Amino acid sequence: MDKNKIMGLTQREVKERQAKGLVNDFTASASTSTWQIVKRNVFTLFNALNFAIALALAFVQAWSNLVFFAVICFNAFSGIVTELRAKHMVDKLNLMTKEKVKTIRDGQEVALNPEELVLGDVIRLSAGEQIPSDALVLEGFAEVNEAMLTGESDLVQKEVDALLLSGSFLASGAVLARVHHVGADNYAAKLMLEAKTVKPINSRIMKSLDKLAGFTGKIIIPFGLALLLEALMLKGLPLKSSVVNSSTALLGMLPKGIALLTITSLLTAVIKLGLKKVLVQEMYSVETLARVDMLCLDKTGTITQGKMQVEAVLPLTETYGEETIASILASYIAHSEDKNPTAQAIRQRFVGEVAHPMISNLPFSSDRKWGAMELEGLGTVFLGAPEMLLDSEVPEAREALERGSRVLVLALSQEKLDHHKPQKPSDIQALALLEILDPIREGAAETLDYLRSQEVGLKIISGDNPVTVSSIAQKAGFADYHSYVDCSKITDEELVAMAEETAIFGRVSPHQKKLIIQTLKKAGHTTAMTGDGVNDILALREADCSIVMAEGDPATRQIANLVLLNSDFNDVPEILFEGRRVVNNIAHIAPIFLIKTIYSFILAVICIASALLGRSEWILIFPFIPIQITMIDQFVEGFPPFVLTFERNIKPVEPNFLRRSMLRALPSALMVVFSVLFVKIFGSSQGWSELEISTLLYYLLGSIGFLSVFRACMPFTLWRVLLIVWSVGGFLATALFPRIQKLLEISTLTGQTLPVYGVMMLVFTVIFILTSRYQARK
């Protein structure tokens, strides 16, 4: 290598390239922009339909009924503020985990952000790091995993002049490389542009609500026109009254409240987890967490501390004594570029004079389970798993494995090292065993037991010997420690067949880890995967939700849904239960919102059907006006559900969110429909005024909504009772205030309407209790 390559670019050359725009500024961020947040909260289907309705009301000067649009604007503003707060939290935490690129400029190594690289920069990459920009190898050797780009899990060897593709990562080795493409010219950037697709939102709640919104969005225009023409042409109402009544039906059919509350709850969870030093890189992963029923754990750094130490060195031959073995290990580890926890433990133990210069090196690979190095005057030294390098079992190794230790064998061969076809030689001689301990994480037993009690299935997937993993699992209180398999000795078909029944998987390759996750998902499980090394990346990407440790390899942090900044496995239960809190509470209060959607649709159909019958006295006009619905919403759909979403609720999530919520809302919606038909018919027969009918319906509508609020607040606690008192009190106070009565176009219940209200609510309450008990038993 010439000196210019080692020196890298000068500051003058960097500025010239920056001036020409040759900067690596095409980067994908885990955080959305402020403009994207504004668009997401303002330019929605719900807001567009609400805006159209507001324009219609403004056209007929129904100003008092435009209060709903002020609420819509406030909700959009609140959503923007909450999401910006969450963005600020995520950006702040991202700064703590953002990876720098080691770059050589003016002969000095500096750490730069990936977007600061320019064309021609010389960068230094090592195992576990993601490649920030397409680059040509100048020096070194590495094995690269390009699965995230090509889908192929096989490692690709990269030597001098080979092209490193941005987005892939180094599985082993270390290289010096020159940036070959920047920005949109990078391979990964071109893939993104060619795909022109956005990863779909992984939220069952939002998908369910989108289905409902899609249905209402399709029918709302024809329904609106039909209701307007009915009121204008068949009933002969003035334009203003026709628009007002028709608008109310359309507003009621839009499930906007529950959608807003869902997003707000998820954002609040992001903020809460952020305060607990958990970086949420994908908001909807919080909901996915709630549904996790199978948690796959990587042993190292999760159950154990990931702080390995060499416990003992056991010579296996008299030819090489302890001092010679220590000298060989000191030379090997001094030349090695491996930075995994095992290599670091060996590096700390064997520090000494480098007696043997290195000729060539094959870095450790999690696929092979070994690494090798050709040393001058000695031969080729191998270091790795005994069962992968030796033909027969070593008794001392078995004993160490049963103690829960990681065991490596140091071996020697006189065959030359072949990078292109790495395989163990025929003349390999075992020199010594290294026993390495990794202490069990404090609190791991309690965490595993607690997760199991919460109906979360647990599996341990490790590259270690299954005997070691089983022993450690037993010490950590893992119930199924005796159920294990050595994945290096079975086929993929056998692995698939035993994936569900087996608890511990040892000697797992990265490909097999991914296969296990895929099999569990096909079996109907919602999976989460924890990990911290490059050998976990394929499985992490495959899992429904990926959780990584901040102390792990940089590449894992780039693709994870959540990053534990404290690198503490004991934080996992709280993360899972934060997701459950959000989903369970949304499902708990969703019926309150869907009552209005259902009764608005049914009443709209009845109104249109009544017009088709041809008799003017049978024609039913939608009985409510927007401001009435808006006022009731504040005390039924507004404050109570919002407060209830913050309650702790860690029970397992039930399936079929939308179906269950609709069925729970249906009885109340039918009560509203019955109330409208009965009061309209009975009131007309008794000669009640339109004001009396409107007043009674207003009280009935609010009271039926409060029945669902009462159910959501059970079992009653002091603060829940206070919440009900505040909501009901606010409803009554506004309904009895003369100026607000005029605005709502209602009055006070009279001697004629009050008894009817009392009897109907008594019957409705009994029906509500009975249906609620019936639904609870199903």
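In case you wondered, yes, glycine gets a Cβ from its N, Cα and C as well.
Here TrEMBL flags 96-192 as domain 'P-type ATPase A'.
According to TrEMBL, the transmembrane segment annotation covers 42-60 (among others).
For 66-86 (among others), the entry in TrEMBL reads transmembrane segment.
The feature transmembrane segment is assigned by TrEMBL to 212-234 (among others).
Residues 46, 49-50, 72, 75, 78-79, 82-83, 85-86, 89-90, 92-93, 205-206, 209, 212-213, 216, 220, 283-284, 286-287, 562, 575, 578-579, 581-582, 585-586, 589-590, 593-594, 597, 633, 637, 641-642, 645-646 of the same chain, all 6+ positions outside the transmembrane segment (254-275), place their C-beta atoms under 8 angstroms from a C-beta of that stretch. Annotation comment: TrEMBL describes 254-275 (among others) as transmembrane segment.
If you look up TrEMBL, you'll see 589-612 (among others) marked as transmembrane segment.
Taken from TrEMBL, the feature transmembrane segment applies to 618-644 (among others).
Feature annotation from TrEMBL assigns transmembrane segment to 665-684 (among others).
Feature annotation from TrEMBL assigns transmembrane segment to 696-714 (among others). Residues 588-589, 591-592, 595, 623-624, 628, 632, 635-637, 640-641, 644, 665, 668, 671-672, 675-676, 679, 683, 720-721, 723-724, 727-728, 731, 735, 744, 746, 749, 753, 756-757, 760-761, 764-765, 768, 772 of the same chain lie 6+ residues outside the transmembrane segment (696-714) yet bring a C-beta within less than 8 angstroms of a C-beta in it.
What TrEMBL lists as transmembrane segment is 721-740 (among others).
If you look up TrEMBL, you'll see 752-771 (among others) marked as transmembrane segment.
Per-class residue totals from DSSP over the domain 'P-type ATPase A' (96-192), listed helix then strand then coil: 18 helix, 45 strand, 34 coil. Remote same-chain partners of the transmembrane segment (752-771), defined as residues 6 or more beyond its termini with a Cβ less than 8 Å from a stretch Cβ, comprise 667-668, 671, 675, 678-679, 682, 686, 688, 692, 695-696, 699-700, 703-704, 707, 711. Across all of the domain 'P-type ATPase A' (96-192), the predicted model scores a mean pLDDT of 86. Between the transmembrane segment (42-60) and the transmembrane segment (212-234) there are at least 3 Cβ pairs closer than 8 Å, counting only pairs 6 or more residues apart in sequence, which means the two stretches are in contact. Distant neighbours of the transmembrane segment (212-234): 45-46, 49, 241-243, 245-247, 249-250, 253-255, 259, 597, 601, 604, 607-608, 611, 616, 619, 621-622, 658; these residues of the same chain sit at least 6 beyond its ends, with a Cβ under 8 Å from one of its Cβ atoms.
When Cβ-Cβ distances under 8 Å to the transmembrane segment (665-684) are tallied for each of 66-86, 589-612, 618-644, 721-740, the top count falls to 589-612.
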